[in-house]
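Report on the structure given below.
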Amino acid sequence: MRCVIVLIVLVFTFGYLLIGAAIFSKLEADHEGETKQATIDNRAQFLANFTCVNRQQLEEFIRGIIKAYDQGVFASNETSTATNWDFLSSLFFSTTVITTIGYGNISPSTYGGQTFCIIYALFGIPLMTTALAALGEKMAVPINKFKSKVCWKKHKKTDHIIKSAVILGLGLLIVILVPSGIFSVVEDWTFHESVYYSVITLCTIGFGDFVAGQQDTSYRAWYRILVGLWIITGLAWMALILNQVGDLYKEMRTKTEVNYIKRGKATKRHSTHTPAQNGDHQENDVATEMPAVNTETNRL
């Protein structure tokens, strides 16, 4: 039975992947083509306007800009004094490493930095996972107390559903919607972009297309620290939700297995009793026929 459940889950997972691939391809492919064509047109227009620059020189310049951008250096502002590797900014980077978010906009570029990052991640990720699990358990205590109090005794299922919806709604409000509103103001993003960033971050996907704390402001370093604390709290909440979903899955699987075992026992019991019942019927038939035989004997 467990193999059947695992197979069903795998089929649904692969089906989900196929659906996602089809939808993403439909939504993004045309936009990618338009962006490529616009880039080609802009490059051709630049070479036509500045004839002193040839194609090879322009390509080398673009590669240099891209390389600097990949290392977290923005060449658009020559007067910027912001650094990504001061202590507080490095603390934010360390948070993204051991939480496995890894935005990708900043990464070690030296041999020593890359080597240390490997060792730091190998030890830090299990440590952070343990810490998030412990924090999630503490967050679960008041939630479980809230869920244990039955408000509608006659409708326990409805009571459970309503409480789960309240918990999920409050979590979304506190962990995603409120921070997204703050990001939309501080980062000058749309609210949709802020929600997108929050969800992508707390799911540890971390594409790196939107990263909080990139602007050169006086409060940049401390703002990143607050973002780091939000990330840890949000991940603990996500761990709590995943644990709740996991418990629900285990409960459903246990009920399914119990019902399967009960049906198996009932079928076995039925097959065991059927021959005996047939034997009883045969004995009754013989007993019924015996008086008739005795009667005929007496007449003779």
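Backbone N, Cα and C atoms are what each Cβ position is placed from, and that goes for glycine too.
Annotated transmembrane segment per TrEMBL: 6-24 (among others), in sequence order.
DSSP assignment over the domain 'Potassium channel' (77-139) gives 41 helix, 0 strand, 22 coil. Residues annotated as domain 'Potassium channel' in TrEMBL: 77-139 (among others).
Taking Cβ pairs closer than 8 Å, the transmembrane segment (87-106) reaches residues 71-72, 117, 120-121, 124-125, 127-128, 201, 204-208, 211, 213-214, 220-222, 224-225, 227-228, 231-232, 235 in its own chain, all 6 or more past its ends. Annotation comment: TrEMBL describes 87-106 (among others) as transmembrane segment.
The transmembrane segment annotation in TrEMBL covers 118-140 (among others).
TrEMBL lists 161-183 (among others) with the feature transmembrane segment.
Residues annotated as domain 'Potassium channel' in TrEMBL: 172-249 (among others).
Annotated transmembrane segment per TrEMBL: 195-212 (among others), in sequence order.
The transmembrane segment annotation in TrEMBL covers 221-242 (among others).
Per TrEMBL, region 'Disordered' is recorded for 264-300.
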* Structure fact -> Other same-chain positions with a Cβ less than 8 Å from the transmembrane segment (221-242) and lying at least 6 residues past its termini are 86, 88-89, 91-92, 95-96, 99, 101, 132-133, 135-136, 139-140, 143, 168, 171, 175-176, 179, 186, 198, 201-204, 212-213
* Asked: By DSSP, what is the split of the domain 'Potassium channel' (172-249) into helix, strand and coil residues?
  -> 57 helix, 0 strand, 21 coil
* To do: Grab the same-chain neighbours of the transmembrane segment (161-183) for me: Cβ-Cβ under 8 Å, and only residues 6 or more beyond its ends, written as numbers and ranges.
  => 143, 146-147, 189, 191, 194-195, 197-199, 202, 212, 230, 233-234, 237, 241, 244
